[in-house]
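Asker: First, the structure itself, so that you have it in front of you.
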Amino acid sequence: MQRLLFTPLTALLGSPCVRLLVPRVAPRTQCGCSCGIRRPLRPGQYSTISDVALQPGRGTVSLPSKAAERVVGRWLLVCSGTVAGAVILGGVTRLTESGLSMVDWHLIKEMKPPTSQEEWEAEFQKYQQFPEFKILNHDMTLAEFKFIWYMEYSHRMWGRLVGLAYILPAAYFWKKGWLTRGLKGRVLALCGLVCFQGLLGWYMVKSGLEEKPDSYDIPRVSQYRLAAHLGSALVLYCASLWTSLSLLLPQHKLPETRQLLRLRRFAHGTAGLVFLTALSGAFVAGLDAGLVYNSFPKMGESWIPEDLFTFSPLLRNVFENPTMVQFDHRVLGITSVTAITVLYFLSRRIPLPRRTKVAAATLLALAYTQVGLGISTLLMYVPTPLAATHQSGSLALLSVALWLMNELRRVPK
């Protein structure tokens with residue numbers, strides 16, 4: 001009976017599939033006889049699954065630290081991709097003027113869309129009570145309403161998907177012990193930022209649903225809240241992507257010269273400039289400032305339009321005057337592409353690894369592509385497909401800027 005029980009078990013524990021699960025195996029040394037003598041094992045080092053099972057309180061086998069880092073890095077890379085998708089989908093929702101079609105917010109209840117004619121009519125009647133329908137869409141049909149409703153619904157459901165993509169794997173990795181102490185704090189911050197992002201999105205939508213009796217302007221969300229919503233999404237995206245790249249890409253051991261230090265600082269400043277340019281796009285979208293002056297390089301007949309400072313106090317013009325907002329976005333865009341060009345030529349003067357050179361060249365190519373997209377969007381009066389591509393280009397540019405920064409990061413001592 002013992003032979004029947006233990007022979008298959010011994011074969012199973014010695015199989016190659018099971019051996020792959022074991023972190024480390026102590027080598028055997030030959031003593032001159034037919035038996036093998038096992039070397040002493042350090043604490044925490046096991047030779048077989050049976051050894052692990054015999055350890056008190058050891059129910060599972062932890063991944064080696066490097067393998068765990070790769071798994072967590074890939075997870076955060078996927079998460080950053082979902083955030084990028086949410087930003088792009090949100091931009092399309094704004095461009096199609098669909099963001100105010102859902103006039104209430106429920107975490108679970110709204111996950112089920114209307115299915116019957118009665119439910120759609122009830123949803124449409126709720127929309128008819130708010131300013132966007134009364135002022136802008138008073139002749140909208142139910143079929144047209146369904147389109148904008150599904151656009152906003154898709155954006156909200158994608159946001160919930162982003163939340164699940166962060167929170168569920170984070171809980172699993174935490175329980176498995178695959179997160180270091182530093183990663184635990186960072187993952188907690190990312191999950192908290194995801195939840196904050198959802199609340200901020202509804203806070204933004206509410207600003208477009210408020211009645212303004214003395215105003216006959218087109219109902220729109222507050223450009224301040226829109227910028228806060230986009231800004232927090234960009235911070236979430238950048239933090240996730242940076243952490244992922246830091247875990248997945250092997251770090252270069254570059255000599256700490258004065259030229260490298262200057263290049264690293266300039267790369268950080270350039271990435272910050274790209275971030276600020278992308279954020280200023282929220283004010284352009286919030287005020288429809290892309291429709292004010294549809295010419296380039298001049299704004300109308302002049303380089304500096306006369307209505308730059310029409311609001312009082314002067315600081316209001318920076319955030320509330322569509323002419324000034326478009327002017328600022330142009331200046332930031334031109335400054336960004338100039339800085340990226342200088343950064344590229346600075347990188348050519350230093351011996352850098354091939355991967356770093358590819359990052360710098362890609363950043364330069366994307367910068368000029370983004371400028372071309374921006375000018376085309378402006379001259380063609382902001383068509384939705386081109387404008388959405390321009391917005392996506394800003395994310396791509398920011399991603400490569402982070403990649404280059406990561407390539408140049410200092411090796412910890």
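One-based numbering along the chain as shown.
Cβ atoms are placed via backbone N, Cα and C, with glycine included.
Quick paste from TrEMBL:
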| type | residues | note |
| --- | --- | --- |
| SIGNAL | 1-20 | signal peptide |
| TRANSMEM | 157-175 | transmembrane segment |
| TRANSMEM | 187-205 | transmembrane segment |
| TRANSMEM | 225-249 | transmembrane segment |
| TRANSMEM | 270-293 | transmembrane segment |
| TRANSMEM | 329-346 | transmembrane segment |
| TRANSMEM | 358-382 | transmembrane segment |
| TRANSMEM | 388-405 | transmembrane segment |
Asker: When each of 225-249, 270-293, 329-346, 358-382, 388-405 is checked against the transmembrane segment (187-205) for Cβ pairs under 8 Å, which one has the most?
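Answerer: Looking only at 225-249, 270-293, 329-346, 358-382, 388-405, the most contacts with the transmembrane segment (187-205) come from 225-249.
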Asker: Are the transmembrane segment (358-382) and the transmembrane segment (270-293) near each other by the rule of at least 3 C-beta pairs under 8 angstroms (pairs 6 or more apart)?
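Answerer: Output yes: the transmembrane segment (270-293) sits against the transmembrane segment (358-382).
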Asker: With a Cβ cut-off under 8 Å, give me the same-chain residues at least six positions beyond the ends of the transmembrane segment (358-382) that come close to it.
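Answerer: Contacts of the transmembrane segment (358-382) (Cβ under 8 Å, skipping residues fewer than 6 from its ends): 95, 290-291, 293-296, 333-334, 336-337, 340-341, 343-344, 347-348, 352, 389-390, 393-394, 396-397, 400-401, 403-404, 407.
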